[in-house]
Every structure is written in C-alpha cells, then in structure tokens.
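Asker: Right, I'll just put the structure down here and ask away after.
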Amino acid sequence: MTDHTSPPSRALPPHLAEDPRVADWERRLEWPLIAVAGVFLVAYAVPIVWPQASATVQSVCSAVVFGSWLVFVVDYLARLLLSQQRWRFVRGNLLDLAVVAVPLLRPLRLLLLVKAIKRLNRAGATAMRGRVVLYAVAGSALLVLAGALAVTDAERGAADGTIENVGDGFWWALVTMATVGYGDTYPVTITGRFVAVGMMLGGIAVLGVVTATLSSWLVQNVEERSEEQRAERRDGTDDLWARRGDVESLVAEVRALREEVSRLRSDDGPGVGAASGAARGHHPPG
C-alpha cells in the first residue's frame with residue numbers, strides 16, 4: 001500500500017519566511033526613511049551644537065524631530081497591519097517598537113539612527129562581507145555622532161560636569177568608542193552614564209565585527225592562494241604524466257623497431273652469409 005503522507009515541512013530561514021507584503025513595503029521605503037532619519041539627525045543636533053539659536057529655530061527643530069517620529073510610527077503601524085503574523089512581527093521588531101513607544105525621552109530618540117543603520121545595511125552592498133563592512137563603518141560613525149550629541153545634551157550645565165560643549169562630547173565619544181578611557185572627561189548625570197554604557201557596548205560590538213571581518217578576509221585569501229597552488233601542482237602533475245606517456249610510447253616504438261630489425265636479420269641471415277662467402281672466395285683472373 002502506497003503511503004501518501006506528505007513529508008513534514010521544513011522551517012524556512014527568517015529572511016525567507018518574511019511576509020512578502022512587509023518586505024515589499026520595506027523595500028519601497030528604505031531610502032526615504034534613511035533620508036527622514038538624516039533630517040531628524042540635523043534637527044536633533046542643531047539645538048545641541050548651537051544652544052544660542054533663537055526660539056523660532058529651536059521650535060522648528062522640535063517640530064521636525066516630532067514629525068520624523070510620526071513618520072516612523074506610521075511606518076511601524078503600516079508594516080504591522082500588512083504582516084500576516086503580527087505577534088511574530090512585534091517580537092522580531094522590538095527596536096522599532098521602542099522607537100515608537102519612547103518619543104519623549106530625548107536620548108532615546110537617537111534610536112531612530114539605529115533604524116537608519118539597519119535600513120542602510122539592507123539597501124547597501126549585497127555581498128556578505130560588503131554588508132558587514134558597511135554596517136561597521138556606518139555604525140561606528142553614527143554611534144560616535146549620536147553618543148557625542150546625547151552626552152552633551154545630558155551633561156551641559158550639570159554640577160561638576162566635565163562635558164560642556166560638543167567638542168568635549170566628541171572627544172569623550174571617540175575615547176569611549178575606542179575603549180581607551182583616559183578619564184579626563186566623563187559623564188556625571190544618570191542619563192549621561194546610560195549613554196556611556198551604550199557607547200561602551202557599541203564600541204565592543206563594532207570592534208568585534210571589524211576583527212571578525214578582517215579574520216574572514218585573511219582566511220579567504222589564504223584559502224584562495226592555497227587552492228591556486230594546489231591547482232598549479234595538479235597541472236604540473238598532469239604534465240608529468242603526459243610526458244611519461246609520451247616517453248613510454250617512444251620506448252614501445254623503439255622496442256618494436258628492434259624486434260622488426262631482429263626478425264629481418266633472422267629471415268635474411270643465411271642468404272646474406274652465402275653471398276658474403278662467395279664474394280670472399282672469388283678471385284679475378286691474373
């Protein structure tokens with residue numbers, strides 16, 4: 001009796017199991033949302049870099065920041081409605097949910113930049129190593145920029161604070177990102193210390209990504225060179241075998257010729273000997 005039971009279906013990888021409608025939406029809005037994140041960054045940075053800006057400028061920047069947040073809220077809700085497995089979508093996009101849920105906490109608004117890095121990573125290079133390098137470079141630059149702005153915003157005017165301007169913030173962010181920790185500038189507020197923890201973890205993560213990428217690149221180069229050497233040795237061996245075959249053919253031909261000469265000598269030997277004896281016994285008349 002034939003068993004018509006179908007084999008159990010295999011679970012698809014996450015990138016293949018993604019809802020097609022959500023994937024199409026994200027593909028269409030990748031670059032527009034990256035542009036929105038860039039506008040948000042400028043609007044967020046202006047009041048911090050230029051604290052003497054007029055009330056009008058600061059109001060416009062606040063409106064742009066709020067508008068950028070609304071754009072990402074609409075994007076999140078649209079993807080949630082398009083998703084066929086909404087609970088799975090929520091669990092797989094917790095960062096997006098955090099961006100939507102905490103718009104009033106100024107340092108956490110910079111989570112929008114992390115979303116921009118994710119979008120840039122998807123829209124950028126297609127090769128795996130290219131993606132990793134792009135992610136590491138973009139992540140490092142945005143992490144330093146975001147950390148400098150956030151810590152300056154939190155620390156400026158704090159009692160006993162050592163970070164008073166954007167220059168101090170950038171110096172602190174670079175030192176922290178590199179995990180050097182000179183200690184000449186450091187945050188004293190609770191918010192600033194939370195930013196510091198994020199910078200430390202981000203620096204370690206980026207350093208690990210860069211190290212892994214370089215290691216992978218070196219290993220691949222060594223493997224490619226080894227494969228080239230193995231191919232060259234195989235080609236040399238094939239040439240030697242071909243030459244050996246030619247030599248063996250020549251030896252066989254020489255052996256056949258020798259056998260043919262021996263056979264001819266054995267066949268013509270008596271006649272040749274008699275003719276030689278007659279030639280030796282004949283003397284011309286005197």
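Here the Cβ of each residue, glycine as well, is placed from N, Cα and C on the backbone.
Automatic prediction, not curation, is the source of TrEMBL annotations.
According to TrEMBL:
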- 154-219: domain 'Potassium channel' (DOMAIN)
- 262-286: region 'Disordered' (REGION)
- 31-50: transmembrane segment (TRANSMEM)
- 56-82: transmembrane segment (TRANSMEM)
- 132-151: transmembrane segment (TRANSMEM)
- 163-182: transmembrane segment (TRANSMEM)
- 194-219: transmembrane segment (TRANSMEM)
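Describe each of these features in terms of where it is and what it packs against.
Answerer: Using a Cβ-Cβ cut-off under 8 Å and counting only residues 6 or more beyond its ends in the same chain, the transmembrane segment (163-182) has close neighbours at 48-49, 140, 143-145, 147-149, 151-152, 155-156, 192, 196, 199-200, 202-204, 206-207.
Same-chain residues lying 6+ beyond the ends of the transmembrane segment (194-219) with a Cβ under 8 Å from its Cβ atoms: 107, 129, 132-133, 135-136, 139-140, 143, 147, 150-151, 154, 173, 176-179, 186-187.
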Asker: Could you give me the DSSP helix, strand and coil counts for the domain 'Potassium channel' (154-219)?
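Answerer: Helix, strand, coil within the domain 'Potassium channel' (154-219): 44 helix, 0 strand, 22 coil.
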Asker: The transmembrane segment (56-82): which same-chain residues, six or more beyond its ends, come within Cβ distance under 8 Å?
Answerer: 19, 21-22, 25-26, 29, 33, 36-37, 39-40, 42-44, 46-47, 50, 89-90, 93, 96-97, 99-100, 103, 109, 112, 115
Asker: To what whole number does the mean pLDDT across the domain 'Potassium channel' (154-219) round?
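Answerer: Across the domain 'Potassium channel' (154-219), the average pLDDT comes out at 86.
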